[in-house]
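Colleague: Copying in the features that Swiss-Prot gives for the protein in this structure:
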type	residues	note
TRANSMEM	27-47	transmembrane segment
TRANSMEM	70-90	transmembrane segment
TRANSMEM	97-117	transmembrane segment
TRANSMEM	134-154	transmembrane segment
TRANSMEM	167-187	transmembrane segment
TRANSMEM	199-219	transmembrane segment
TRANSMEM	236-256	transmembrane segment
TRANSMEM	263-283	transmembrane segment
TRANSMEM	288-308	transmembrane segment
TRANSMEM	338-358	transmembrane segment
């Protein structure tokens, strides 16, 4: 909205031409989302407390988590509000890719909201049954991928580029939608599994989103993409602003989600933000780079898969003390803040490795 207004004023006031630049609007978008999060956070927390929407704690989990019972959750609504407001203000709303990414994010947030609502308000301990959650995630992903694949306004490259190798590519052809589907749904669920400690998931989300914003910026520019050896994907520059909005909204949420947390994001936040990372990576054709930068999410997911598989194969034995992996380290005696910060450090390394693929080819 404000971007459209500045476009009208450019003819009379040359100073407004600065709003043409993605970098400038990205900064404003991030600051806007941050301010919305910081200002609305206390109101959201009080509102959730008034509704008695508090976190339920696993009885078989670390004993230190018992004190978290009753902490307001569904705070992901605040994150999505900040992202949406920021994008509506500073993005060029004529870009189809922006609406695709934003709608996928909000749709997955709706699935998470229903799950949280059933668990916390209706007191249904199972929430939204897993098969239905996966069904609706799949529907959203398939609709998005189909639109991306067949819509002429979003030219899709079916080539999968290998990170660190300039000339190694695989043309997926009709299998592109399959890969894209698994990236979106897998990313959504991986972030959901990681969101188990105060601030553990949101900071890696912020870091990965910021890095994806760099890729979106480079991919939307023919000169930069050719120089860096990455796919050129036109009409995707506004995704830089979308990613910047995630950064700002995430930092605003972290203000209240840092240890000891005043609010949790819930499935409404984790499913939405995970899907956001996935769909952005698909649109800018950086699926394998997302696998690198989101290495923490991958490790957490693999720990659950290995734990379940080993438990069934061994007849009841466990590979880890508890899954996901962050609980394993808690039960080994690590304090919660130590687990969180060390996992953040791991994410910094993964994100730097992902960014290194821009130049090391």
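Counting starts with 1 at the first residue shown.
Any Cβ shown, glycine's included, is placed from N, Cα and C.
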Colleague: Under a criterion of three or more Cβ pairs within a distance under 8 Å and sequence separation of at least 6, are the transmembrane segment (70-90) and the transmembrane segment (199-219) in contact?
Modeller: no
Colleague: Would the transmembrane segment (288-308) and the transmembrane segment (338-358) count as touching if the test is at least 3 Cβ pairs under 8 Å, pairs 6 or more apart?
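Modeller: These two stretches do touch.
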Colleague: Using a Cβ cut-off under 8 Å, which residues of the same chain at least 6 positions beyond either end of the transmembrane segment (199-219) come close to it?
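Modeller: For the transmembrane segment (199-219), the far contacts come to 22-23, 26, 191, 225, 228, 230-233, 236-237, 239-240, 242-244, 246-247, 250-251, 253-254, 257-259, 261, 265, 270, 273-274, 276-277, 280-281, 283-286, 289-290, 293-294, 296-297, 326, 339-340, 343-344, 347-348, 351, 354-355, 358.
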Colleague: Which of 97-117, 134-154, 236-256, 263-283, 338-358 shares the most C-beta pairs under 8 angstroms with the transmembrane segment (27-47)?
Modeller: 236-256
Colleague: With Cβ-Cβ distances below 8 Å as the criterion, list the same-chain residues six or more beyond the ends of the transmembrane segment (338-358) that contact it, or say none.
Modeller: 163-164, 197-200, 203-204, 207-208, 210-211, 214-215, 218, 228, 230, 259, 289-290, 292-296, 326, 329-330
